[in-house]
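**Student:** Pulled from Swiss-Prot, these are the listed features:
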- ILE22, ARG23, GLY64, LYS67, THR68, THR69, GLU130, ASP131, PHE132, ARG173, TYR183, ARG220: ATP binding site (BINDING)
- THR68: Mg(2+) binding site (BINDING)
- ARG293, ARG312, ARG317: DNA binding site (BINDING)
- 1-11: compositional bias 'Polar residues' (COMPBIAS)
- 1-183: region 'Large ATPase domain (RuvB-L)' (REGION)
- 184-254: region 'Small ATPAse domain (RuvB-S)' (REGION)
- 257-346: region 'Head domain (RuvB-H)' (REGION)
Amino acid sequence: MTEQRTIASSATREDEAADASIRPKRLADYLGQQPVRDQMEIYIQAAKARGEAMDHVLIFGPPGLGKTTLSHVIANELGVSLRVTSGPVIEKAGDLAALLTNLQPHDVLFIDEIHRLSPVVEEVLYPAMEDFQIDIMIGDGPAARSIKIDLPPFTLIGATTRAGLLTAPLRDRFGIVQRLEFYSPQELTRIVIRSAAILGIDCTPDGAAEIARRARGTPRIANRLLRRVRDFAQVKAAGHIDLAVAQAAMQMLKVDPEGFDELDRRMLRTIVDHFDGGPVGVESLAASLSEERGTLEDVIEPYLIQQGFLIRTARGRMVTPKAYLHLGLKPPRDRAPAIGEPGDLF
């Protein structure tokens, strides 16, 4: 079982509390994701000009990139209320009906982890999204009857880290689909500088850049690292964060210049030492690391693959020469990964 990692992209209670104070309210303050921002600005302005509810939005991408934040920004820009829930919380059709019937015209309903909705709940959601109506069963047995309830026009924003698990009927009902990408170090530096200013942290630009480049392209991780470096600086550097202080704090946290922690390095080294660099199946790798398959696929692998340290081939996972060099090893000539091989999630 994985302990809470400093560079984990999943949200902690501390993250949720801190995010509330630094979360941008407007698109102008939402840094990065420029193509998404440009498109959403047009959709929002068009909906406001027509006086209509904006079309339903599906936002997907790795954890920590700002899906929830973007939903808040959209609601603020539209000038409407936002209701927040998640797929696992909506257990029964009645739970969803209660949420929908309490919405005001043009409100935004945000459902996180929407891929985890049950089939029964999804069936209620379809007519709600298409026709702004829901069918409710009243009574039991032979006396049961269905009544149709009209809903005010609303915008559903669904967020997921696993878009492939969405059913086709649900996915097809979203008129706007946006994918959030990992952030560049430059974009994350701007985010760290902004967060430091809001939180009253004394942080130099080079200190912010050092935090940003180790944040795995993820704002949530960047803000968490900023808080940990702030703790270090308060004890060791009179509260001042510069390049040297940031580097010393990262060394204490065991987060290397690539943004990898012990679990990342252990995964790469396990593939090298136990499986001769790969290929290795995900189940074998998960067993060797004593981790769940989902943890590898959703938490560890995406960034390693995106940075070119790991590839998925038809035969399994393989490390690249870049991974050997990062571990201080010489890449074997006969183990160069076959980049041209087709990818395989399994």
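Numbering starts at 1 and runs along the chain as displayed.
For all residues, glycine too, the Cβ spot is worked out from N, Cα and C.
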**Student:** Per DSSP, what is the residue count of the region 'Small ATPAse domain (RuvB-S)' (184-254) in each of helix, strand and coil?
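**Tutor:** DSSP composition of the region 'Small ATPAse domain (RuvB-S)' (184-254): 53 helix, 4 strand, 14 coil.
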**Student:** Using Cα coordinates, what distance in whole Å links ARG293 (DNA binding site) and ILE22 (ATP binding site)?
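**Tutor:** Between the alpha carbons of ARG293 (DNA binding site) and ILE22 (ATP binding site) there are 33 Å.
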**Student:** What residues, ordered by sequence, lie under 8 A Cβ-to-Cβ from ILE22 (ATP binding site) and sit at least six positions away in the same chain?
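**Tutor:** Same-chain residues close to ILE22 (ATP binding site) (Cβ under 8 Å, separated by 6 or more) are ARG194, SER195, ILE198, LEU199, ASN223.
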**Student:** DSSP says what for the region 'Head domain (RuvB-H)' (257-346): how many helix, strand, coil residues?
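**Tutor:** When I sort the residues of the region 'Head domain (RuvB-H)' (257-346) into the three classes, I find 45 helix, 9 strand, 36 coil.
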**Student:** Among residues ILE22, ARG23, GLY64, LYS67, THR68, THR69, GLU130, ASP131, PHE132, ARG173, TYR183, ARG220 annotated as binding ATP, what is the maximum Cα-Cα distance? Answer in Å.
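**Tutor:** Max Cα-Cα spread across the ATP binders: 37 Å.
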**Student:** If you measure every Cα to Cα pair among ARG293, ARG312, ARG317, the residues listed for DNA, what is the largest value in Å?
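**Tutor:** About 14 Å separates the two most distant Cα atoms.
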**Student:** In Å, rounded, how far does the Cα of ARG317 (DNA binding site) sit from the Cα of GLY64 (ATP binding site)?
**Tutor:** 24
**Student:** How many whole Å apart are the CA atoms of TYR183 (ATP binding site) and ARG312 (DNA binding site)?
**Tutor:** 22
**Student:** Please identify which of ARG293, ARG317 has the densest Cβ environment, defined as other Cβ atoms within 10 Å, among these binding-site residues.
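**Tutor:** Comparing the binding-site residues ARG293, ARG317, the most crowded Cβ belongs to ARG317.
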**Student:** Would you mind reading off the Cα separation of PHE132 (ATP binding site) from ARG312 (DNA binding site), to the nearest angstrom?
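**Tutor:** Distance (Cα to Cα, whole Å): 43 Å.
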**Student:** What is the separation, in Å, between the Cα atoms of GLU130 (ATP binding site) and ARG312 (DNA binding site)?
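**Tutor:** Here the two Cα atoms lie 38 Å apart.
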